[in-house]
Every structure is written in structure tokens, then in C-alpha cells.
Amino acid sequence: MSSSKIPCTLVWLRRDLRLIDNPALFHAAKRGQLITVYIFDEDCSGKRRTGQACLWWLYHSLKSLRNQLSQWNIPLIVKSGKDAFTILKKLLDRYNADAIYWNRCYEPFEYNRDYSIEKRFVARKIKVETYQDRVLYEPWKVKNGKGQPFQLFPCYWNQCLSLPQPRKPYDKPKFTVHNQGCVEYKYDDAGVWQLLASIADNDTSTRLQDFWHPGEEGAIQKLKRFMKNSLKVYSEKRDCIWLDATSNLSPYLHFGEISPFTIWHTACFMRHSTTRSISVPLHCTKRYLTELGWREFTCHLLFHYPDLPEKSFKSNFHQLKLEIDEEKLHAWQNGSTGYPIVDAGMRQLSQAGFMPNRVRMIVASFLIMHLLIPWQKGEEWFWNRLVDADLAQSVCNWQWIAGCGPDVAPYFRMFNPVIQGEKFDAEGYYVRKWIPEIAKLPNSYVQKPWEAPPTMLKIANITLGKTYPRPIVEHKVARELALATYSQLKRKREPPSNKNKKRKRAKKEKLKD
Ligand SMILES: Cc1cc2nc3c(=O)[nH]c(=O)nc-3n(C[C@H](O)[C@H](O)[C@H](O)COP(=O)(O)OP(=O)(O)OC[C@H]3O[C@@H](n4cnc5c(N)ncnc54)[C@H](O)[C@@H]3O)c2cc1C
């Protein structure tokens, strides 16, 4: 119990597992003593269950933050359960805390839950402070001329850019009051840690540690490396999939180990830096900030259209009944479609929990268009394996590729996996890295082994159908089938003549009114 009159604040940590630019921690630290809590909801009542790769990340991220906070004797208590209000209330009582602070989350389930918790605490005269976090522009603040949410990215982003610049990041909190001796903490969360550790410990997880370093320190390292080496060529090189020229910050952003404000202002600083060696061309900074803009936009869409995870946004897609070819789905999942660029991507996903954006687009398009498998099947597979699996970004991107989302790629835009491979991995570095069995093929065949002459295959130690699969579908045939399938959708829409008639009738009725 608190032995002094110094106020004690409970900080509820969620997807903000960091010290730098953490407004809730910053303000709470100014008040006096503080304790922090993370609530792990294994059943995820009301929302999507956390994927396997993300569970591994979460466990390590919490461990890392707990270590950081322990330097000031600030406890990070991890609780598990569905009823966040009761858990928080018990902690407030137990530690005699008179205030609770948190940073806002924007997924519809989280937003509604937090709103009701806030109301219940306020009614009990507990001080509640919540802060903008996770997004540069809160979803309800960006509206079109009619006061409605945007559905098209360019209009949305132009509107955002016309608003005042995102706020400057907060410094690390100054923990002025030494917690030691003020509050007697009793950690009784060993069970939850054990639970988290056991969930996080599986085959996939052991592989992930070769690629990632979860936690705030890992995020800062990635940011520095990117800003120093890659931002200046981002625009030109971001699609060179073998080069690792993007920031790789998406998992850190998802868990809030770095804030979008820190990234935004670091990129702007690099742009205006007077040191010639680090000055960055305007178009690269703009391009990078636009990618952050896409992240904002997906959050905006999910907030305003909460059905997106379950339903295609375009209602004519609801009639699309596709039969799933399990064998082909299996080949896609395991990286054995016979198309090297697709297989390399899917193998990277299994090994590293990640894929560059370009490859995500290629493999997603292949599943939906070449194999005619619903986007939801692909999204589900990604969800469990990506270290950056994020509801808004995941469903919006999948719907975009499927052509059924609000801001969409046209349904007839179908990636040719060979051309994509030759364009974005011309030297074959990427496919050779993830598919060593075809590594000895020359560049001219590495994206299409089935066209290599038999002698060349022999020299490269490849027996098609045995050491590496033949293509499971032929591109031309798949393309025609996909176009036929999707053009039916178009035809099923209301014929334009009917639409015109309706519009005229509506106009007349309006005039009559
Ligand atoms: C089918 C599909 C599924 C995807 N699922 C996810 C997901 O679950 N989680 C996720 O974070 N991203 C997802 N993306 C978006 C994108 O692929 C990743 O954000 C990006 O590859 C992460 O790499 P990076 O951090 O190096 O990106 P950078 O190129 O360095 O971009 C910086 C940041 O901008 C944001 N960003 C970049 N591209 C996009 C985009 N297309 N949409 C939204 N935000 C973007 C990310 O937060 C990223 O970290 C998906 C894309 C596709 C096509």
C-alpha cells in the first residue's frame, strides 16, 4: 500500500510498449508514484485472437519493457482475463492509486471497451486521462466536405496533409519520485508470465529470434539504420525485394515499441538536415511518409467500417461463391506452387514472420486470382505467421488486392508472377535465398524453372516435380478463368440503364419535395 501522500497513478499499457514518446507514462510520471499493468486476454473476447508470431513478439516485448521499468522500481504487472474493468479496479484499490492513464487504441472493439471503462471510472470519481497515440490523425478528425469518412486514399491523405503537423514526440518520462519504499508491490503474476512463455514457445517462435529483436531498443536500432542508409533511396529502392531497403518497422509500430510521431519527425529532420552526408531528397521523405499515411488510412477505414474483417466492403462480392481447392491452398501455404517468387515469399513468411510489401501483393494476388481462393483464407494464414499482423492493415490490404475494398485495385489487375519476379528480383537474389534448391539456375530461368532446357536443369540438380514443383496452374489459363469469374460480378451489378432511370426518378421526386 502507498505509505505516503504522493499520488499514485496506474498506467494501463496496451500497444504502447515503450518509454520514448509515451504520453500516458510521461504525464503519469509527473504526478508521482506509478505502477503499470498489461492485461493479456487469451480468449480475446470480442476481438481477433492474437496470432502465433505476435504472441512470441508480445512476450519478449513485455519482458524487455519490464526490465527497462525495473531500473526505476516501477513494476509492470501482467494480468490475464477478459474483464479489464474489474482487473484495473482491483489494482487501483490494492495500490491506493487515485488515477488511471492510458494511450488510446482505435480498433472498434478496443475503442468501445475503453469508452465504457472510462465512463465507469469517472462515475466512481477516479481520475482518467487518455492520450492520442498509435496514429498521427485520429479517425474522427479527418472528414470529407460532407462530414463523412474518406474512402479513397489520395483524398484522405491530402486532407491529412492540410491539417496542422503531427505533434512533436514526448521525451522519455522523468521518473522523479523513486518508487522504492513508497509502494510495496507484490508481484503475483508469475502464472501469467508462464502462460505467455509457454504460448510463445513453439517451432515458429524459435526461428523468429534469428530475425528479430523485439522491444524498444530493437525499434530504435531499426529506425537509425533505416534513416542513415535507406531513406535517401527509399523511393527508388523500396520495391527491390532482395535489398532490404525498407524500414522493417511494422512489427515495432504494431506493438507500439516506436510511435508514428517519432518516425514522422525523424524523417522530417533527415530531410532538413544541413549535414550533406545525411540529407535526404524530398521525394524519398514524401514517399516514406505516404506509406505511413497508408497505415493511418487503414486505421481510419476500420474505425468507420468495423465489418471489414468479416465482410467484403463491396456488397456485390458477397455473392461470389468460390470453391476452395484444398490441394492448391496447401501448395500456396507451403511455398510449393512452382512459381519461385510466390514460393520464396511464403517460405520467408514461415521462417521470418515477414515479407516485403511487393511480395505480399504478389502472393495475395496469386491466391485470389490464380487459385480463385477467397481472400479470407489468405488473411487467416498471414495472421498467424506475420510478426506485424495488424487487423486494420491486414484486412484493408487483402480487400484491396481482392478488388472488394473501399479503395481498390481493379479486379482485372492480375500480377504475372514471372514478370513481377523478373522486374523486382532481376538477379534472383531473393528467390535463391529462400529456395536454395533452384539456386544454381541462371538468372534467365530462375523465375521460370519449367522453361529451362533439360540439360540446364540437370546441371542445376533440379528434377521438376521432384526437387522443385512444376507450376500448379498455368498463368494464361488462370488469367482467363479469373477474368471470366470476376466479370460475372460486374454483370450482376445493376445495368447502367436501370441506374439512370432510378437517378432520374429520384431527381424528379426531389423536385416534387
Ligand atoms: C496482403 C497484405 C497484407 C498486409 N498485412 C499487413 C499487416 O498485417 N500488418 C502490417 O503492418 N502491414 C501489412 N501490410 C502492409 C505492408 O506490406 C507492410 O506494412 C510493410 O511491408 C512493412 O514493411 P516496412 O515496415 O519495411 O515498410 P516501409 O516501407 O518501411 O513503410 C513504413 C511503414 O508504413 C506502413 N505501410 C507500408 N506499406 C503499407 C501498406 N500497404 N498498408 C498499410 N501500411 C503500410 C507500415 O506501418 C510500415 O511499417 C500488408 C500488405 C499486403 C499487400
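Each Cβ is built from the backbone N, Cα and C atoms, and glycine gets one as well.
What TrEMBL says about this one:
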DOMAIN    7-136  domain 'Photolyase/cryptochrome alpha/beta'
BINDING   Tyr234, Thr246, Ser247, Asn248, Leu249, Ser250, Tyr288, Asp388, Ala389, Asp390  FAD binding site
REGION    489-513  region 'Disordered'
Largest tally of Cβ atoms lying within 10 Å of a Cβ, found at which of the binding-site residues Leu249, Ala389: Ala389
Binding-site residues close to ligand 1 - of Tyr234, Leu249, Ala389, only those whose C-beta is under 6 Å away: Leu249, Ala389
Secondary structure content of the domain 'Photolyase/cryptochrome alpha/beta' (7-136), with strand meaning DSSP E or B: 55 helix, 29 strand, 46 coil
Sparsest-packed of the listed binding-site residues (Tyr234, Tyr288) - C-beta count within 10 angstroms: Tyr234
Site extent for FAD (largest Cα pair distance over Tyr234, Thr246, Ser247, Asn248, Leu249, Ser250, Tyr288, Asp388, Ala389, Asp390, Å): 23
Ser247 (FAD binding site), number of other Cβ atoms within 10 Å: 23
Per-residue pLDDT averaged over the domain 'Photolyase/cryptochrome alpha/beta' (7-136), given as an integer: 93
